[in-house]
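These notes are about the structure you will find just below.
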Amino acid sequence: MSQSKADYINVIGAGLAGSEAAYQIAKRGIPVKLYEMRGVKATPQHKTTNFAELVCSNSFRGDSLTNAVGLLKEEMRRLDSIIMRNGEAHRVPAGGAMAVDREGYAEAVTAEIESHPLIEVIREEITEIPDDAITVIASGPLTSDALAEKIHELNGGDGFYFYDAAAPIVDKATIDMNKVYLKSRYDKGEAAYLNCPMTKEEFMAFYEALTTAEEAPLNSFEKEKYFEGCMPIEVMAKRGIKTMLYGPMKPVGLEYPEDYMGPRDGDFKTPYAVVQLRQDNAAGSLYNIVGFQTHLKWGEQKRVFQMIPGLENAEFVRYGVMHRNSYMDSPNLLKQTFQSKSNPNLFFAGQMTGVEGYVESAASGLVAGINAARLFKGEDEVIFPHTTAIGSLPYYVTHAESKHFQPMNVNFGIIKELEGPRIRDKKERYEKIAERALKDLQTFIDA
């Protein structure tokens, strides 16, 4: 039940998530106070004062239902997403992707929200978290310092922090399990890591490729942040071979298992170097490359990291990225509704929750907005099915392992697997997952 006596809901931030949340609340007949500081205080990234501005790319990525983000967009269309609707109206040719005229699209979103009779737009910076009403905080990946500090305090001084790098994540089903082995260093605890052993020859070839690979350019607003964070693997490698062999590729305590039949240097019991893969989701379908945060171009990541034994044909569900970002320890702090566990009147949405990408941010705003509206009306919360893309995102960010939690794009690896024998053909498997998702979503909507 709602614990607020106010006759409106606050939404802080009019980016993709905040705009979507405000619209979803207002369409359910509830007044919204939408706060946006752009217009009175600029950010390093934004070029306009329009809502839902696309800062970097103008692409909403793949549009096919055999692409997880394509499935997510279709689900959002069926849920009347203001972001998807205006994006569709301002599409530009982009092959199999959905790209938009960024100015026309953002202007349309802004006009629709500003003209909505139930949405009051307030152009000012919020430095305190309102306690007068149910509130959705969607202040973006570079939340202003004052508000960031308040969120930090609200969460008990824990869980609102910066990251400068993320390592690539691969689909376990595409790892060659004949070339890797399960083991924890020195056999401590359960065998929790997949280990990719390298001979000296394999390591030297990999090292050469890594140190000569092309890095992605930094946006101007990222340059200062680049040097503040954890070190990219390619920068570490350029400090010398020993930096790698005594660092992320240290082989000590990771001896070959007795039944290992792959290549090795002579009769050595320990590989020359080892790349470790760590389980990344509860279902065990995703693994990240431990210590391999990177800022290489995506094509270079694929080329270089597929040199790792066992990853020759690996499918990367997320490439490594390097940029400063604010995000929460969502597994400990948020419910699957994007509602605060400690304050039921408070919701969070957007990249600060640990979803990565334009579409994912808007989707989180949609879920948070719907649930904020339901709380206002005294109705039960809704949790979208884990078989859908829009249900799998909040499930992932609230059920991931907190210690190693990092932002995530939507991908088929986080959606609940199909029942029955695994379909080997990837396209057919994804088609079946999408078919089930849309069917389950429609059943959910009709209920």
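Indices start at 1 and increase along the chain as displayed.
Each residue, glycine too, has its Cβ placed from N, Cα and C.
The FAD binding site annotation in Swiss-Prot covers Gly13, Ala14, Gly15, Leu16, Ala17, Gly18. Its Cβ placed at the centre, Gly15 (FAD binding site) has 27 other Cβ atoms within 10 Å. In three-state terms derived from DSSP, Gly15 (FAD binding site) belongs to neither a helical nor a strand segment and is classed as coil.
Note: Ala17 (FAD binding site) has non-local neighbours Ala138, Gly140, Ala349, Gly350, Gln351, Ser361, Ala362, Ser364, Gly365, Ala368, i.e. same-chain residues 6+ apart with C-beta under 8 A of its own C-beta. Gly18 (FAD binding site): 31 other CB atoms within 10 A of its CB, across all protein chains.
Within 10 Å of the C-beta atom of Gly13 (FAD binding site) sit 28 other C-beta atoms, taking all shown protein chains into account.
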